[in-house]
């Protein structure tokens, strides 16, 4: 609570200073000078004064010119409007091009082809700060500090009417499109419900505890449950559900403002309230007793402390253009008093006390219903019923809380708490499974709701409050207390920054408009593409007050979509199954999920989200599994087979959605556009590993649609394989229950040894990576000065490296070859067969696959590397490939000891350091295993030939930790300690199923996969799954 107290005190002191025309107030000494604000903190340490209670200076009248281009006649296109309150004459647009200093880890600001332009300015005579904004198809609503809600006609951009009734500042507005209602939350501790058709009041909602709830800071409407959620100053989360079966009666004329009678059934409650000794108090230095006027000094009322009388319903107060008299409720047409139909009460059970340890400043429903959020409504056909209904709330306690909601049960259930640690959370927006939290210290925290991890922390402006945010599709618009607006892309790049206001931007929203500037005209016949957007923001009252409408552009659609030019008649996509697979692969390839690049970190996450949705559409249950901060999530998808008489086997498919970087150099086409050419599909990841992933997923989906899938296929796809599989092992162990029991694992991440003959890989060499460093105590020296006198590290390095290999290219480490398994006759015969098919000598195959080797990869020196320098430090990288039955630890130890012994013999004055960097044990499959035979049968039946049994020179996979009976893998061309570890740990075997050809160019320019191989590879997987389903009771491995 102390953190909340100090944060709020600082924030409010700064706001008070700005309101008084002071400069910035950041130090505790400056805070002490603001004695009126300190006097507000007298009653209790757990509560602070209301924002609406701070005294404001007299309003200043200022005239604002309107851009000339807005005076033309409206056309028929639709515009988006970004809305902000205004404080002074429109400042010149300052659009940033080039790197923005506060952009932290983002890329440079992109050059904006069409920068945001000022579209219109809305101004009224009475100057009050605009605290909240909302919009519907016909109107723009702004809640002011005075307690009034101004309604602007979106077509004419003129003030239509003013909604009166609140006696405190309007702190939040929420539009319910399904009901055509507008909710307004106020500092008077009430929520009012207005009809957006008649612009007349419907209900007043009192929170539980009435004035004890304090200011009502935030609102969220859940249409599927017909429930309104309210964030309160007393740290509670409250909600009210509108039951369709209950029709409240109108308030009778006899209802007295003085009545203190208890509420009846939660509907009819007193319209007056008692004076609260804290919330209705004045600063101590004024020595005035508490009364209702203290809530909002700018509102005029009688000195006796009674509520101001409700204004009569006159013709001037009725909307001039909204509907006929028949559209106004009968109760209101007959009642001369401008009153709501009923006063409602939040029932006591509908309260979560201490939902936060601070004020609940903001909240958002997920999926969001706000304009620009790009969300599919929950429960709709497009939603597919998969997404969870959730509520997120932000508070002064520096946390964002995630609450689960369910259809028919509006009671929130706390699921997770995100620690922002960047000051109070003052603004929240949500899009898809991502939540953006605007914090008091100038940071925007980006959270993934499914994995519940921090994705990015955007530095907007250090130590400047983020008071409002809004979304336009994938673009995030951030409003700061310094009047600056920034636009951030889906990849978290700062794409625009401009000074929109001189005062504090308190609120903003995105809305569509029927107006469009002449520059918005497009040649595209698609009305969606013809849309433009307007961004509206409300500002604090300083030198004046108003609302600015900025014309903004939606983000560009993805440049890469489905399959590009098909130039060969052989690419027959008439088969619906093939077309679905190729289309999915084209979408998959278009996402540049490069894991070893910070620039593409968000692209990797989007690839995971897309893949999870793809699995869901194909019939799997899918989710994301967090691997830790800074690493990409795992995608877990399970295709459940049909019920059978026997226990269903469970096969896990392992793959990776991340790829190696690809520049345009060397490529015949865009590497991230799947391009069909002469029977091949070109694109980064086509063969490694996105193509095989799609083949396996579509194979399972085909069997599932035919009710022929008689086992469970669990797909576990990681996003860090190309970068070292960070967090993979820990994530699998942590989510072992979610993955479930596994009988076999299938991986496809390799290629054939040739072009035309299918293969199955059954063996890999292991590897020991070693870094050797020799250094002297002194600095680099000049050979002309110290040559011959200094002990040179380079000479020592050459001596010990030269002793590792003899003249016959054999490793000289003692006992190195003692444990190598002898060449069996059947193995030798297989090398002869493969040699004839591939044209590679059998001796070369044996050297690559089954004989150990030692390689010196590099030698590096310190200093400038010119011919006159004696380097003080020399480093070398050495690796050893090991084979059955060499011991990994024994070889690593022998290498270290041999290097140290060789160096000791030289009696050098230099220092030697040997470091075993990475290791991976060798792996050899069991060719007599039932699972291997099932896979081999599937390959033979599809291709009509006997598959080649091949080994690889050095590769392995990220390992999984289960208690399976069998493990089935496919080759990955990197040395990662996986398969050998699992075989030794769990006494199980592994299989590799290559899909691509030897010319597929994995990791190289023009990476490709044959369409025929992709299609027939999918059929092989289907055959294998059918064969595996017959192994209902798998036998234990030897």
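Using the three backbone atoms N, Cα and C, a Cβ is placed for every residue, glycine included.
From a predicted model like this one, the values you see are computed outputs, not experimental measurements.
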Looking at the candidate ranges 233-252, 253-272, 333-352, report the one that TrEMBL labels region 'Disordered'.
253-272
Range among 112-155, 156-199, 288-331 that TrEMBL annotates as region 'Disordered':
288-331
Using a Cβ-Cβ cut-off of under 8 Å, list the residues of the same chain that are 6+ residues beyond the ends of the repeat 'WD' (435-457) and lie near it.
7, 10-11, 102, 104-105, 364, 366, 390, 392, 394, 398, 400, 402, 416, 418, 420, 422-429, 463-469, 471, 476, 478, 480, 488, 492, 601-602, 605, 612, 623-626, 628-629, 633
Any idea what the model's mean pLDDT is for the repeat 'WD' (391-413)?
95
For the domain 'Peptidase M20 dimerisation' (762-903), how many residues does DSSP put in helix, in strand and in coil?
52 helix, 38 strand, 52 coil
